[in-house]
Amino acid sequence: MKIKALAKLKPEVGIWMTTVDKPEPGHNDLLIKIHKTAICGTDIHIYNWDEWSQNTIPVPMVVGHEYVGEVVGMGQEVRGFSVGDRVSGEGHITCGHCRNCRAGRTHLCRNTIGVGVNRTGAFAEYLVIPAFNAFKIPAGISDDLASIFDPFGNAVHSALSFDVVGEDVLITGAGPIGIMAAAVAKHAGARYVVITDINEYRLDLARKMGVTRAVNVAQQKLEDVIAQLGMTEGFDVGLEMSGAPVAFNSMLKNMSHGGKIALLGIPPSDMSIDWNMVIFKGLVIKGIYGREMFETWYKMASLIQSGLDLDPIITHTFPVDKFQEGFDMMRSGKSGKVILDWSI
């Protein structure tokens, strides 16, 4: 049986609609009928066929890793799931036998394989993944929200890496993950949550999500905002989401002594920073990759169930046959999360 899929078919700019064989689940796998998928920044890198993509993505391959769907089949060894379960899933498939996996730190597996990056992805009518990677979506959480659990998980992992209760938090980079991280920090009890960017559309989205201040650093100095808020010692927690050297250096400059930074944005490999600030301020910098399995996933569901409203971050939905419009919208920078509906 042939099914529809979006794939990287050629080593050039673009994503293409194609048909592929319907996948068959192995002994420990789930077969998921995809309802909705979301376009990730990684998918845009793949679309643009940048240097990272050229060195990483096998061609041809079905891409995509943000999704929600319904279990329609499973392998004979699977336990804990039933046909009809609504699921999303962890996009990092881990080996299970390295030291970190065996110690319960699976998000630090050195042999991680990415769904839609190193193996067949979720931009298709059906997806097969290991049952271990699937997460049941609680009733009351919409398909739209469930489809963005992967990037929401990056935001939660970053925002909750350090204690933010009563603290002042700076987020550099108002992409969807940065905006969601800001909302999580505010929901979790931070005092001031300030986010910076140069994209006014996304700064407006951040304002809708309840940040204290959304600062266009092309028009306003972060130091002026700090003074207006009456802050005297800098930010306690920093979440670097942009990968922009100028943003990270600004963060270092405006951190309090003893401040803690979660680093999710991927900077150029030759980025230069003032290490004197790190040393003499006693700053802590923690690299963030993916989501903690599966602590972050349970926190995601609980945050939404406790009233965290992520609806404003989803700005556009397209039927999958209009996927090109969705990718164009994401590439324009004039969107939050863009969803492709496979049920239409």
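Quick reminder: no glycine exception, Cβ is built from N, Cα and C everywhere.
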Listed co-binder of NAD(+) (same site as Asp197, Arg202, Leu264, Gly265, Ile266, Ile288, Tyr289, source Swiss-Prot) among Ile177, Ile226, Ile314: Ile177
Cβ-based neighbourhood (8 Å from the centroid) of the Zn(2+) 1 site, residues Cys40, His65, Glu66 excluded: Thr37, Ala38, Ile39, Thr42, Asp43, Gly64, Tyr67, Gly91, Gly116, Ala122, Asp150, Pro151
Cβ within 8 Å of the mean position of the Cβ atoms of Cys95, Cys98, Cys101, Cys109: remaining residues of the chain near Zn(2+) 2: Thr94, Gly96, His97, Arg99, Asn100, Arg102, Thr106, Arg110, Asn111, Thr112
Cα separation, Cys40 (Zn(2+) 1 binding site) to Asp197 (NAD(+) binding site) (Å, whole number): 19
Cβ neighbours within the same chain of Cys101 (Zn(2+) 2 binding site) - under 8 Å, at least six residues apart: Thr94, Cys95, Cys109
Reduced DSSP assignment, Thr42 (active site, charge relay system): helix
